[in-house]
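Take a look at the structure set out below.
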Amino acid sequence: MSKIVKVIGREIIDSRGNPTVEAEVHLEGGFVGMAAAPSGASTGSREALELRDGDKSRYMGKGVLKAVGAVNGPIAQAVLGKDAKDQAGIDKIMIDLDGTENKSNFGANAILAVSLATAKAAAASKGQALFEHIAELNGTPGKYSMPVPMMNIINGGEHADNNVDIQEFMIQPVGAKSLKEAVRMGSEVFHNLAKVLKAKGMNTAVGDEGGYAPNLGSNAEALAVIAEAVKAAGYELGTDITLAMDCAASEFYKDGKYVLAGEGNKAFTSEEFTHFLEDLTKQYPIVSIEDGLDESDWDGFAYQTKVLGDKIQLVGDDLFVTNTKILKEGIDKGIVNSILIKFNQIGSLTETLAAIKMAKDAGYTAVISHRSGETEDATIADLAVGTAAGQIKTGSMSRSDRVAKYNQLIRIEEALGEKAPYNGRKEIKGQ
């Protein structure tokens, strides 16, 4: 009953108004799975390739008709008649047929959309929720947890048009007793932050991920206004709510230095920027820092891990690009202590699950993440619960492309009850 009988690819629109790939996988018995590939703004150089058409007469060259053509043509032909429950087998067929190291023939956007749609169709054929099926694929059936959210409430860097260098300033409601309560706490801080910014005469327009993008005088000022909002919402900073940052440092790495516009265009060495971050962690309860240096600055990361690695969570995103080969090298060298998981960086569900497992086996944490270009597809919510990853990063408390994931988590928590605990601070490395 889980044999693939039809595969359909189409071009749809993401949250930035750019095209992306959506796939449908149809099985015998009428079961259907549908999924869409997300898209990033600040991308690691070693990510699997997102195939764009380059035809300037359509969508400024960002069309995905080539990738859609791959779904409707060679991919569909290769997987027809195959068992959708054999996720690893389906993914291997597509990867082998593509034949490139970085999926540049069909595009990771094509392969991923079919990979996720296959998982959804297989879950439907088994009468399961997607998170249940993912837990089985992961070799951890029935083992679930609700993730602690990292809520990106102030956007800077590539995600906003302002003078803040650090790309994301996030809150983590570690003191919540449930995911539902964590969402409420996040929402209340988000709305209080709007009041704080308005009172200072600042802009409350939102960036790509639904957070505010005010023109602040410095990076530290972003932390200060969030601290004010947490207090105004009636919560205690450091106890109820902790802070996290995504530096996306590759975006301001120039000629071997970290050049920060928000700090008067000061140029920092790797060591100096590490101590700049360390100073911020002493002033504010920052428990997680992502991409604190450039993706190629491995010596710098070794130093940063030595200085901060036993105190806080250091997350590799552009550094590892959800790639087990690169992650293994990082683990062997003791670089950072956590990985950000974005399944479009690697391009299939099977490879994503392998990266999560490798990280956990090495004592690293795994943070499941959206991209800045998203759709209503909420698969990452099921991925976070089904792998018991422990943390999720899916934007702020606005924009339906972000909220879709929180709402799916609320539904899953309701369905699972005590089978999926919300573990709060314990999920964060170093806490």
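For all residues, glycine too, the Cβ spot is worked out from N, Cα and C.
Keep in mind it's a predicted model, so treat the numbers as computed, not measured.
Same-site candidate for Mg(2+) binding, as annotated by Swiss-Prot with E290, D317, chosen from D240, D246, D361, D377: D246. The (2R)-2-phosphoglycerate site in Swiss-Prot is built from Q167, K342, R371, S372 plus one of K143, K195, K393, namely K393. Those residues of the chain, other than D246, E290, D317, with a C-beta within 8 angstroms of the mean position of the Mg(2+) site C-beta atoms are Q167, E168, M245, C247, A248, I289, D291, V315, G316, D318, L340, K393. A simple Cβ count within 10 Å picks out one of the binding-site residues Q167, S372 as the most packed, and that one is Q167.
For the pair formed by K393 ((2R)-2-phosphoglycerate binding site) and D246 (Mg(2+) binding site), distance between Cα atoms is given as 11 Å, rounded to the nearest Å.
The recorded positions shown are E290, D317, K342, R371, S372; of these, the one with its CA atom nearest the CA of E209 (active site, proton donor) is S372.
Within the same chain, the residues at least 6 positions away from D317 (Mg(2+) binding site) whose Cβ sits under 8 Å from its Cβ are G44, D246, A248, E290, D291, I339, L340, K342, S369, listed in sequence order.
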